[in-house]
Amino acid sequence: MLPTFLLLNRMATRRRNIHKTTRTVKNEKKKLDVAYCRTCLATEDLVDIFYNKECEMKRSEDLRLVTGLEIKLNDGLSQKICHRCIESMQSALQFRHNSRKSQKSLLNMLYGKSKKKFKSKPSKSMKKIKNETLEVEVEAYDNDVYAGTDDFQNETDYLYNDDEDSAPLKMEQV
């Protein structure tokens with residue numbers, strides 16, 4: 001038992017000594033000596049991604065739509081992009097725009113919505129409708145035919161069963 005205790009004590013002491021001598025190294029951001037394209041890592045033909053305030057949101061949003069990356073001003077990563085990537089991004093955005101426009105047109109065709117607008121003026125091919133007044137003679141209505149039916153609902157009751165197949169049963173009051 002004593003040798004096991006001494007062994008565990010020695011191991012714990014070594015662990016403490018190693019922990020004291022090791023120094024924790026923090027990850028510090030390094031400044032890159034060479035400018036890289038943010039999207040393809042090219043080093044030539046670079047321009048600033050954010051060269052003015054108006055362009056900041058536009059390019060950031062365009063890059064997010066095309067790549068899915070959230071690129072922000074002064075985020076610690078390269079703030080440059082090459083002309084080739086700009087052209088690729090514009091091409092991808094144009095493709096996206098055309099695809100969405102085509103889908104909208106196809107949906108309109110599918111559901112019968114037309115983009116033709118109606119003219120406010122009647123065309124020459126339309127004919128005017130003639131308004132006429134018609135005189136009609138109305139004969140007196142004979143109510144005697146239906147005189148005996150007023151008590152029909154009072155004299156007849158219908159019983160309904162919960163069964164769907166059964167017909168209503170007629171019961172007459174005496």
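Just so you know, glycine gets a Cβ as well, placed from its N, Cα and C.
Because TrEMBL annotations are produced automatically, they should be read as predictions rather than curated entries.
Among the features that TrEMBL reports, domain 'ZAD' is placed at 35-109. Within the model, the domain 'ZAD' (35-109) shows a mean pLDDT value of 91, rounded to a whole number.
The annotation Zn(2+) binding site is assigned in TrEMBL to Cys37, Cys40, Cys82, Cys85. When secondary structure is read from DSSP and collapsed to three states, Cys37 (Zn(2+) binding site) falls in the strand class.
According to TrEMBL, the region 'Disordered' annotation covers 155-174.
Neighbour counts were taken as the number of other C-beta atoms within 10 angstroms of each residue's C-beta; across the binding-site residues Cys37, Cys40, Cys82, Cys85, the minimum falls on Cys40. Those residues of the chain, other than Cys37, Cys40, Cys82, Cys85, with a C-beta within 8 angstroms of the mean position of the Zn(2+) site C-beta atoms are Arg38, Thr39, Leu41, Ala42, Leu46, Ile81, His83, Arg84, Ile86. DSSP assigns Cys85 (Zn(2+) binding site) to a helix.
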